[in-house]
Amino acid sequence: MVSIDVRTQPCVYAGEEPCGTHGVCQETHRGMFFFSSCICQEGWQGWGCHNGQYAQTWPSFLSSICLLTLSNIFFLPPILLAAKWRFYSQALLFTATMIASVFYHACDSEVFSYCLTRYEVLQFTDFFFSLLCFWVTIISLCGFYNEKELSFLQFLGVIIIAPAVQYSRTALMSFILPIGLAVVILVSKILYRRFYHGEWPAISKRRFLIRCLGVTFAVAGLCLFAFIQTKDNYKYVHSAWHTIIALSLMFLLPSKRPYKRKGTSRISSSSTSSSISRRHHSSFSYIDTSKYSEDIDEDDEDLIDIRDPGASSSPVFQSSTVPVDAD
């Protein structure tokens, strides 16, 4: 008498560890089909994760987790610079990006992981904040000083980036589309000022070179992410990606907030000339404009030397004091 016992089991081995101690059994359902496979960890390979020829050693794992988490320290310079220049929204966003990246890579480890929350949430926040950093930085370069326009464009970035990241977080198009649209808005703003106001953005050569350096870093980081990063060199290339992207954000930050024209300092040429014409029967008081020099854009300091009384034809910068009719 022959007894046949036919059973099905997932993956390779029977029991509680169908993929051994170095793998996880993954079950997949596709329509009416059901199949399972072993997902090997720590560099183990094989049908049942039994081949340890390329297994990851403890020093290799330690270097990987340190590189991927500690490389986010390069976000500190753009955070401090944004806070110093009073771009508090950017400083907060850069800080959130740094924290999200640290916790995401701490949870993404195969040997030892610490997950503050679900892995999907950490991954989403990491990619979402990274893209939003570039969107907000590029929009801030456009020179929209109207709060309504600026708020609209920033929320537009959130609406575009969130679905793109949720649809595919590692796809190249999820990066190219939002950043490309932000660049289109920047170029459109520059052309609008040129054709409707007859002026180009005032920027010094030094600031222009800094902008070019930031763009170079951003393009280099995008190329690393899209064409060079693989599973084998992930810890090195992705750590370099953190460094390059953080530095590019620092170089792409706009200069200090522009000169704010206060009501007492906005003296038109007509009012000045009329007051001068009545000099023979009026006394004059003086407004000291030196207290406003700290609010002048760094780029404007390169164009107008506020220490030189004859550096500009503007009545505000011709002298340290401006005569105004006391009446």
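Glycine too: its Cβ is placed from the backbone N, Cα and C atoms.
The annotation compositional bias 'Low complexity' is assigned in TrEMBL to 265-276.
As annotated by TrEMBL, compositional bias 'Polar residues' applies to 311-327.
Per TrEMBL, the feature disulfide bond maps to Cys40-Cys49. In the three-state DSSP scheme, Cys40 (disulfide bond) falls into the strand class.
According to TrEMBL, the transmembrane segment annotation covers 61-80 (among others). Tertiary neighbourhood of the transmembrane segment (61-80): same-chain residues 42, 90-91, 94-95, 97-98, 101-102, 105-106, 108-112, 235-236, 238-240, 242-243, 246-247, 249-250, 253, selected by CB-CB distance under 8 Å and a gap of 6+ residues from either end.
Sequence-distant contacts of the transmembrane segment (87-107), counting only residues of its own chain at least 6 positions beyond either end whose CB sits under 8 Å from a CB of the stretch, comprise 65, 68-69, 72-73, 75-76, 78-80, 113-116, 119, 122-123, 125-126, 129-130, 132-133, 136-137, 140, 154, 242, 249, 253-254, 257. Summarising the annotation, TrEMBL assigns transmembrane segment to 87-107 (among others).
If you look up TrEMBL, you'll see 127-145 (among others) marked as transmembrane segment.
Note on the transmembrane segment (152-169): residues 89, 123-124, 127-128, 131-132, 135-136, 139, 142, 144, 177-178, 181-182, 185 of its chain, located 6 or more positions outside it, place their CB under 8 angstroms from a CB of the stretch. Taken from TrEMBL, the feature transmembrane segment covers 152-169 (among others).
TrEMBL lists 175-196 (among others) with the feature transmembrane segment. Long-range contacts of the transmembrane segment (175-196) within the same chain, counting only residues at least 6 positions beyond its ends with a Cβ under 8 Å from a Cβ of the stretch, are 131, 134-135, 138-139, 141-144, 153, 157, 160-161, 164, 222, 225-226.
Among the features that TrEMBL reports, transmembrane segment is placed at 208-228 (among others). Using a Cβ-Cβ cut-off under 8 Å and counting only residues 6 or more beyond its ends in the same chain, the transmembrane segment (208-228) has close neighbours at 134, 141, 172, 175, 237-238, 240-241, 244-245, 247-252.
Among the features that TrEMBL reports, transmembrane segment is placed at 234-253 (among others).
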* Would you please pick out, from the disulfide-bonded residues Cys40, Cys49, the one with the fewest other Cβ atoms within 10 Å of its Cβ? => Cys40
* Grab the same-chain neighbours of the transmembrane segment (127-145) for me: Cβ-Cβ under 8 Å, and only residues 6 or more beyond its ends, written as numbers and ranges. => 87, 89-90, 93-94, 96-97, 100-101, 153-154, 157-158, 160-162, 164-165, 169-170, 174-175, 178-179, 182-183, 185-186, 189, 193, 201, 211, 218, 245, 249, 252-254, 258
